[in-house]
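The structure under discussion appears below in the form of structure tokens.
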Amino acid sequence: MKPGIRVVRGPDWTYEDQDGGEGHVGTVVQVPGKDDSSTPDKHVTILWDNGNRHQYRAGAENAYDLHVFDNATAGVTHPIICNGCKDIGMKGLRWKCNSCENYDLCNKCYGTDQHELSHQFSRYDTRASNGILVPARSQSQDDKIRAMGIFTGATVCRGTDWKWEDQDGGEGQQGIVKEDGKPPYRSLVIVQWASGKKADYRVGADGNVDLKCLAPASGGYYYKSHLPVLGKTEVCEGKEGAESFLEMMQELGSSMFNPLRGDELASSLFNPLRGLELMSKLSEKKVTSSGFSEIRKGMRVVRGPDWKWKDQDGGEGHIGIVKKVIRLPQKSSVKVIWESGDSNIYRAGSDDCYDLLVYDSAPSGIKHLNVMCDECKQEPIYGARWKCADCDNFDLCTACYNMDKHDLTHAFLRMDKQSSRAVPVPKRCDSVKVTAKGIFEGAQVKRGKHWKWEDVDGKG
């Protein structure tokens with residue numbers, strides 16, 4: 001459980017209209033176990049949008065006072081697209097239709113009755129959680145409630161966590177929320193003050209709420225009994241999962257978006273036994289369909305045909321590793337961490353663009369069983385397999401292929417994985433060669449972003 005989660009009254013509520021009334025929204029501002037928290041175990045401290053602040057039960061006395069209205073503010077995302085509003089990288093609760101194949105709704109679209117109401121849905125609280133079946137919305141109309149609070153149109157003034165001096169024009173001045181749901185994770189709103197000045201303010205970000213609601217506005221609808229009960233289920237990602245789609249895309253969801261060509265992959269292999277100094281880069285006009293349909297975590301990549309990100313990778317030939325694959329209809333992309341330590345998102349078919357070429361598929365576990373490289377005698381061949389089209393039963397691993405073993409005038413077929421079809425590639429004598437740069441034998445290195453080996457490097 002994390003500060004920032006937005007809540008509404010739940011099944012064991014006994015506090016009259018302390019929250020402002022049924023449907024009014026508040027924010028988790030303290031949870032047990034934090035150094036500065038006075039909140040007892042199995043309780044949470046809530047700051048309601050109306051300014052009231054109280055502690056509530058989240059398992060204490062076997063009672064649960066609250067429902068989770070929105071956990072996007074705590075960093076929960078799903079690497080899929082909402083079939084209602086087409087939001088990419090769905091934030092917060094995910095609702096998956098059990099009657100239709102690959103149909104998902106975000107929390108807002110689910111609450112506003114998108115899709116067939118007679119269809120049952122499963123609720124996914126986080127990427128790692130199991131689906132929880134809920135009744136069809138057509139059977140739950142009496143359970144449908146309008147959310148009220150700090151949303152677009154609400155009248156607000158400075159609140160408990162205000163730290164912006166007289167940006168509002170001074171104590172007691174009022175403003176109107178002009179936009180809610182801003183990134184990161186719907187935890188900011190834009191307010192226009194009486195002076196005409198506009199600025200962003202926190203409503204859940206880092207567990208802070210800068211504003212107090214004087215006249216609430218509608219934030220859509222929710223089905224009360226369909227929501228998670230706060231304290232009963234895990235509604236926040238773990239450390240790894242908290243790295244959201246927006247974080248991947250750098251500062252507050254920058255539109256910098258990058259790619260990898262699912263049907264035009266030039267694959268080659270980093271041989272961990274001896275390191276690879278050179279690689280072949282096919283002329284992009286000559287790249288043919290590879291049939292390689294599965295991009296995997298762990299693949300090593302270099303800039304590709306649609307690269308336009310300057311030296312974000314460290315320069316031509318520098319190598320990165322695929323850390324996440326984001327599969328969305330017509331919008332596939334990958335997160336890459338470069339060996340310099342920098343990372344970003346790149347297009348793997350999004351906008352029909354492909355920013356990357358696969359340099360090394362072996363680390364992702366790809367191997368060709370019962371096939372031996374006829375030069376280095378490695379068996380099985382890891383990563384891509386290169387089969388000579390001019391010789392009978394002659395194969396190379398990518399390391400040997402890129403080090404110009406065998407006759408350069410011979411045509412080769414590339415097989416990206418054991419089950420894929422062979423793809424003709426241009427002869428190496430007609431192709432451009434680029435020096436691969438990265439973590440190979442002789443490179444100087446230091447501990448990086450994912451270091452977990454204490455001080456074995458001698459650094460205290």
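Cβ coordinates are placed from backbone N, Cα and C, and glycine is handled just like the others.
Annotation source TrEMBL lists domain 'MIB/HERC2' at 1-72 (among others).
Marked as domain 'ZZ-type' by TrEMBL: 77-129 (among others).
According to TrEMBL, the domain 'MIB/HERC2' annotation covers 142-217 (among others).
The annotation domain 'MIB/HERC2' is assigned in TrEMBL to 284-362 (among others).
What TrEMBL lists as domain 'ZZ-type' is 368-420 (among others).
Feature annotation from TrEMBL assigns domain 'MIB/HERC2' to 431-460 (among others).
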Confidence summary (mean pLDDT) of the domain 'MIB/HERC2' (1-72): 92
Per Cβ pairs under 8 Å, the stretch of 1-72, 77-129, 368-420 packing most closely against the domain 'MIB/HERC2' (142-217): 1-72
Tally of DSSP helical, extended and coil residues in the domain 'ZZ-type' (77-129): 5 helix, 20 strand, 28 coil
